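Peer 1: Can you keep this structure in mind? I'll have questions shortly.
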């Protein structure tokens, strides 16, 4: 039983690590106040710099070209990490996205990006088509920014907790199923052994009777 509980604990810990690694992380590095934030369907213009988490190597950057990248947000024109990570963003705001393979290119190798890579994108929203650029950028106060970050961390923690609880429940079901199978096999072996003992005893009795004759 102790070994089963230990295995379950290790499984839960491993599950936590996997789930954390597979979550899209959004870090607002330069928070901005605005009335109109990005939403699905917007055509937005974004400056970015992409690097590999594994070694910090840069694989692409619009900053180097001097021209932002334009696309329709939420339309599947870019990776899932961008479609979800650039929602509710103000013009002038900067975010760093940590994009796991499931939100990026998965197990495909794309140019200088190896298969299964976690990507880091430094992004800056330059504009939203059809939305006037503000005359000046209003940056959020540090306290407000910290509160926003705490809310996002709490939300991510809750989601991870739900997934861990679900994974743990499934693991427990597997352990119970495996224990039942083991118990059934043990019972079968014991039953077989008992039959074997009866046979041996019967043979012994026959031998004794034969000797007496």
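Positions of Cβ are set from backbone N, Cα and C atoms, glycine also.
Note that TrEMBL annotation is computational and uncurated.
Checked TrEMBL, it gives:
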COILED    139-188  coiled coil
DOMAIN    41-129  domain 'PPIase FKBP-type'
SIGNAL    1-20  signal peptide
Peer 1: Compute the average pLDDT of the predicted model within the coiled coil (139-188).
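Peer 2: Mean pLDDT for the coiled coil (139-188): 75.
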Peer 1: Which residue counts does DSSP yield for the domain 'PPIase FKBP-type' (41-129) in the helix, strand and coil classes, in that order?
Peer 2: 13 helix, 36 strand, 40 coil
